Amino acid sequence: MDDEAAAVADWDQKSKRSANNEQDVVQWIEAIVGSVKGDTTVAEWLKSGIILCNLVNAIQPGLIRTVNQQNVPFKQMENITKFLNAARDLGLPESSMFDTPDLYEEKNVDSVITCIYALGGAVQTVCPEFTGPKLGIPLIAKGKDVTKPKSKTSSHLLHLDPEQVASMREELETLREGHARLQEENVILRKRSEVDIPHWASQVRAVATQLEEAAAPIATVPLGERLLAMVNSLQDAEAGLRALRGAPYREELDELKRAFAQHLEEGQVRESALREELDRLRQILPESPNSVL
């Protein structure tokens with residue numbers, strides 16, 4: 001373990017030992033966001049992820065582009081995921097993170113408290129421009145307190161190409177929203193193919209049966225022959241509907257899926273390239289005489 005990793009691990013342990021009272025975390029969130037927990041539990045208060053997203057955006061405006069307001073489980077879990085990704089962007093180490101079920105399913109609320117407490121320390125280091133209330137121990141790097149003013153070089157590397165990061169985050173957010181819409185459209189299309197088409201096929205069959213019964217007594221006269229021809233046409237239509245089974249809708253859905261997969265792949269390639277560049281800069285950073293990290 002190198003010096004920087006050891007320093008971060010030491011900070012992480014100190015932060016976890018200090019996070020023994022959720023009251024400090026609650027008061028910190030209330031002071032920044034303006035939302036009061038009241039008599040609810042911490043898990044109930046934070047479960048929707050809205051307060052957590054608002055907390056991050058209050059610390060660094062615009063870090064989370066959209067916050068889901070719907071009272072829908074997968075939207076609330078998506079908010080929690082957005083908060084966790086934002087916490088990573090703010091420099092929080094993986095050892096301080098929690099998993100979405102820890103909060104949403106209340107599997108480990110203590111880890112949620114610990115994460116937020118650690119976030120308070122990371123904010124003091126990564127966001128010196130934030131003048132709100134402080135919480136926790138400032139993030140340590142290379143065994144030094146880096147809450148002191150940073151050089152322009154250090155600040156630039158901590159916020160590597162903000163426009164590119166913001167653009168990529170917006171694209172990824174658009175992909176996530178597109179995926180959610182695709183899931184909703186999938187449900188609608190499935191209902192059309194599994195419910196609507198069989199329903200209308202049954203209606204066509206019923207009409208064909210009625211016409212066939214009406215034509216039976218006069219089958220030998222021209223009118224009866226025309227009615228029987230109509231019966232045959234309706235039976236063909238019924239067979240076509242049942243054979244269709246929503247094929248056009250499946251084609252439409254497949255096209256949407258292909259488009260989404262292409263956009264997702266492009267977004268992942270750009271994200272991977274940016275992460276590689278960030279890793280490269282982190283590797284050469286210690287060689288810079290102006291570096292304070």
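Backbone N, Cα and C define each Cβ position, glycine as well.
Residues or ranges marked as coiled coil by TrEMBL: 165-192. Annotation source TrEMBL lists domain 'Calponin-homology (CH)' at 19-124.
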Residue distribution over DSSP helix, strand and coil in the domain 'Calponin-homology (CH)' (19-124): 68 helix, 0 strand, 38 coil
Local confidence of the prediction over the coiled coil (165-192), expressed as mean pLDDT: 63
